[in-house]
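K.L.:
First the structure, then my questions, so here it is.
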Amino acid sequence: MNKFAAVLVLASVCLAGVSAQCPRIVTRGQWGARAASTSQLPIRPAPWVVMHHTAGAHCTTDAACAQQMRNIQNFHMDGNGWADIGYNFLVGENGAAYEGRGWGRQGAHAPGYNDRSVGMGVMGTFTNGIPNAAARNAAQQLISCGVSLGHIASNYWLIGHRQAVATACPGNAFFNEIRNWNRFNPNV
């Protein structure tokens, strides 16, 4: 029995180290997601992270961010006819990460990269200004968390959505910001 207790303590310490790198993640159930059916991500761990902005309202509270997630999911499912919200995760300016399709699911966020990437974004429009420090920190922690959990390859490349397809996303200001982040790839 003492061996079992020692193994349990060791496992707890290891898991605490992994979760310490993760931001607060609000699950689909917690933000009120609709049921959806999405495909497994065929390439795991994902070799790419594609960064977005939602080009919509900013949110700074749990309630406002949960409502924004429901709005985006409704638009993607009802307006675009997609199986679910397009992103794997979104981050609010309250510093929380919101589970969209989640880890291991193929997104609908960047044609040509959906089957080999994790799509992350920040809720809001970031053409003229960057997300606040809480959102930037949460996004970077989420990438590290994905690497630690084995969902994102340790040698991943980070790109902005505009590098995958002709779009203004993730906004000029935010794109200039992520160009300074670890593993940004300017030559896609």
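Cβ atoms here come from the backbone N, Cα and C positions, even for glycine.
TrEMBL lists these features:
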- 1-20: signal peptide (SIGNAL)
- Cys22-Cys145: disulfide bond (DISULFID)
- 23-165: domain 'Peptidoglycan recognition protein family' (DOMAIN)
- 36-171: domain 'N-acetylmuramoyl-L-alanine amidase' (DOMAIN)
- Cys59-Cys65: disulfide bond (DISULFID)
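How about a rundown of where these features are and what they're close to?
P.N.:
If you take the C-beta of Cys22 (disulfide bond) and look for same-chain residues 6 or more apart in sequence within under 8 angstroms, you find Ala97, Gln141, Leu142, Ser144, Cys145, Ser148, Leu149.
Take the CB of Cys65 (disulfide bond) and look out to 10 A: across all protein chains shown you find 25 other CB atoms.
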K.L.:
Tell me, what is the mean pLDDT of the domain 'Peptidoglycan recognition protein family' (23-165)?
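P.N.:
Across the residues of the domain 'Peptidoglycan recognition protein family' (23-165) the model's pLDDT averages 97 on the 0 to 100 scale.
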K.L.:
Per 10 Å Cβ neighbour count, which of the disulfide-bonded residues Cys59, Cys145 ranks highest?
P.N.:
Cys59
K.L.:
Count the residues of the domain 'N-acetylmuramoyl-L-alanine amidase' (36-171) that DSSP assigns to helix (H, G, I), to strand (E, B) and to coil, and report the three numbers in that order.
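P.N.:
Breakdown, helix to coil: 41 helix, 31 strand, 64 coil.
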